[in-house]
Amino acid sequence: IAKEVAKLLEMKAQLGTDEGKHKFVLKTPKGTRDFGPREMAIRERAFKAIIACFRRHGAEVIDTPVFELKETLMGKYGEDSKLIYDLKDQGGELLSLRYDLTVPFARYLAMNKITNIKRYHIAKVYRRDNPAMTRGRYREFYQCDFDIAGQFDPMIPDAECLKIVHEILSDLQLGDFVIKVNDRRILDGMFAVCGVPDSRFRTICSSVDKLDKMPWEEVRSEMVGEKGLSPEAADRIGEYVQLHGGLELIEQLLQDPKLSQNKVAKEGLGDMKLLFEYLSLFGITGKISFDLSLARGLDYYTGVIFEAVLLQQDNEHVEEPLSVGSVAGGGRYDGLVGMFDPKGRKVPCVGVSIGIERIFSILEQRLEASEEKVRTTETQVLVASAQKKLLEERLKLISELWDAGIKAEMLYKKNPKLLNQLQYCEETGIPLVAIVGEQELKDGVVKLRIVASREEVNVRRESLVEEIRIRTSQC
């Protein structure tokens, strides 16, 4: 023991005194951020609208662990697999942080032998990216997912997913948007008739997926230069991927001599036509664009794919117009659950993911520009006193209010000045003040002050809870 102690003392001496102590760098890790009360209030508002929509459509809620077995995630995300966060070996298991909520959902279905569910899941996901945080891109961020799993007639659940995106984006009032729609089968058929070898479908697909960020010339040179596609095949793809429209384009492609001969593409176009018929019944085709450049790089999509994009807005408050790109995306993935099922049983699924971080950055910037005051608490009433030595009475009253489910606060001072108490309400946006004074106590009443109008009314103590409820329901 003495030897070990001597060793440790020697090491301590080598390390020197505490004078050269390392200063902590106080910052959040790259690609993450803190959210203060104001940001959280804005964020909660957005979550509330999204959850209300999911529930309106009859979804149940689930949750899954933040990390999964590494093998569960590998091979599901195409070229994006390099962005998965791996964890060190933990107790003999190789683990990774979840990359999205879809693969854990498929694992959950297969593991529990569930063949039919409509669920939503709101949770954090992780990507080992170099993110542009100004555009709402992070390494840790929330996803809000809605999925319908089960064997149903074609395109009915798919149409409902698009309706949900339309409802949420309209409800959050983010400005003009368009929902681009395509189908993996149309893409695969198009690649086949353009002369892309089967083995290159997925890699060419992820090149096409970059068309919203890069001009066609750059995408073409990536296909030819990096991915070894023949220039002729690339040019043929170019003729298709620059097309977008509605029902008339679907009709036009159904007549296309090459595409109409391809069984897979024909099937996809037939379903796309059916989808547009349902969307017109929902009254939302004005915001939907059938777009052949939409590819969505993820490997697991098998049918309809879609992406909601906010259109460029000129905003006089912001020097540079805001462009945040995609704010929602999703599609059909009929084969993913079967990849986890030991017997390969398939469960058809279609779902949508709302990009809450990008939506949130728009709402935040908009509030900055409007200088609107954001309430960070839900307090309905402040319990105040008009004279000294009334702390006990304030405590008794606030306890009564809390027990009745009223959101109430008081200042943590024995004898606060009335002016300070009223000022606190002004600053925090509390709409009512319940004032106890010696005279009020004698009369069995509480003076209720409406902060905005400065009007004061005497309310009988036993009627106070009801009066606060009535007045705050009007706020």
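Numbering starts at 1 and runs along the chain as displayed.
Note that Cβ sites are derived from N, Cα and C of the backbone, with glycine treated the same way.
Residues annotated as domain 'Aminoacyl-transfer RNA synthetases class-II family profile' in TrEMBL: 31-363.
There are 26 other Cβ atoms within 10 Å of the Cβ belonging to Thr102 (L-histidine binding site). Taken from TrEMBL, the feature L-histidine binding site covers Asp100, Leu101, Thr102, Arg127, Gln143, Asp147, Arg296, Tyr300, Tyr301.
Residue annotation for L-histidine gives Asp100, Leu101, Thr102, Arg127, Gln143, Asp147, Arg296, Tyr300, Tyr301. The furthest Cα pair among them is separated by 22 Å. By a simple count of nearby Cβ atoms, those within 10 Å, the most crowded of the binding-site residues Gln143, Arg296 is Arg296.
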